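To keep things clear, I will list the structure first and then write my remarks on it.
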Amino acid sequence: MGIKGLTKLIADNAHGAVKEQKFENYFGRKIAIDASMSIYQFLIVVGRSGSELLTNDAGEVTSHLQGMFNRTIRVLEAGLKPVYVFDGQPPDLKKRELAKRFARREDAAEDLVTAKETGNEADVEKYSKKTVKVTKQHNEDCRKLLRLMGVPVVEAPSEAEAECASLCKAEKVFAVASEDMDSLTYGSTRFLRHLMEPTSRKLPVLEFDIAKVLEGLGLNMDQFVDLCILCGCDYCDTIRGIGPQTALKMIRQHGSLEIVLENLNKDRYQVPDPWPYQEARRLFKEPLVTPPEKVPEFKWTAPDTEGLRQLLVEENGFNNDRVMKAIEKLKVAKNKASQGRLESFFGVSSSSSNKRKEAPDSEASAGKQVKTAAAVKPAKAASKKGPAKGGKKK
């Protein structure tokens, strides 16, 4: 779910905090990518026709493999250095949200049956997408694929967004890429949206700078966390009647959730019971993550050609010629990515360059500040096209 209404709130109140960037501006940069979010996007869009998805001969869905394979090659071709971070065990406080998602999928499944009976194709596609769930098998398939591609994989002990933010704060990566805005709530210094969007949509990457977000909103980090909780997050329901703008006004006026609650008009606003905002705050400020010093050095290695062919062609029915051509593209892309950014030739380490609060001049000049909420929209799709296709419609 992320943080309700946060994208528009930032666009309306902290214009300088968001810049439009070209995909290629991140050449040589290490980017932590929320793997589960990417897989979800691929399952929603890749190879989909109504309620049908790409499958192998055993009837197992392969859309996630095709999407991950093709998009990762595209990322590497642009010279980026992706690090995919996978979710671990969710916090207990998230169980209520997960239960709600399960119920929504169940409702969507019933609506899907009705849509199929009435022959309404638009509703069939709509409700089919709402039934999508990223499974353990989907995650395992993609972990295996990425390792065969020679791309680093991180397994978070809990929330992937928190692990990504920790890597970013520790300067292990330059930025975090996801579509969930709670990456900012966890403290990511740089946050990217639309990085995994298909090239065909021609959407710029949106780069959020947390320091400028705080400056624009007039809050410190503790107050920003409280704002996100008040807006509505995975750990706490919203308070009916309090939208993002009202939440910002209240936090600016009172400074903390405790004082907001003390001064809240109880006749007008009903606080959910329970409303565990203190535990939610703790999870955002002190999440369960791998200590940065224990994270191994990231390495991008040569792809395992035979392993990829076995997984994609033999096990999942991908076209052999397309896969082999894609692997050649992957090898070329790996060589390009290994060149690194220009500063590396002058002895500047990646961690040193990350300490700058703003992007290099070449990137800043290419970036374009986002000034309207309309320019900041959530991603809706993953790539439909790529160098390798496999499977058949389910």
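From the backbone N, Cα and C atoms, a Cβ is placed for every residue, glycine too.
Here Swiss-Prot has D180, D182 binding Mg(2+) 2, and the candidate from D226, D234, D237 in that same listed site is D234.
Within the set 266-274, 302-310, 338-346, the record from Swiss-Prot flags 338-346 under the feature region 'Interaction with PCNA'. Same-site candidate for Mg(2+) 1 binding, as annotated by Swiss-Prot with D87, E159, E161, chosen from D34, D209, D222: D34. In sequence order, D180 are the binding-site residues from D180, G232, D234 with a C-alpha within 10 Å of the C-alpha of E161 (Mg(2+) 1 binding site). According to DSSP, the secondary structure content of the region 'I-domain' (123-254) in residues is 69 helix, 15 strand, 48 coil. D34 (Mg(2+) 1 binding site) and D182 (Mg(2+) 2 binding site) are 12 Å apart (CA-CA, integer value). With respect to their backbone Cα atoms, D234 (DNA binding site) and D87 (Mg(2+) 1 binding site) stand 14 Å from each other.
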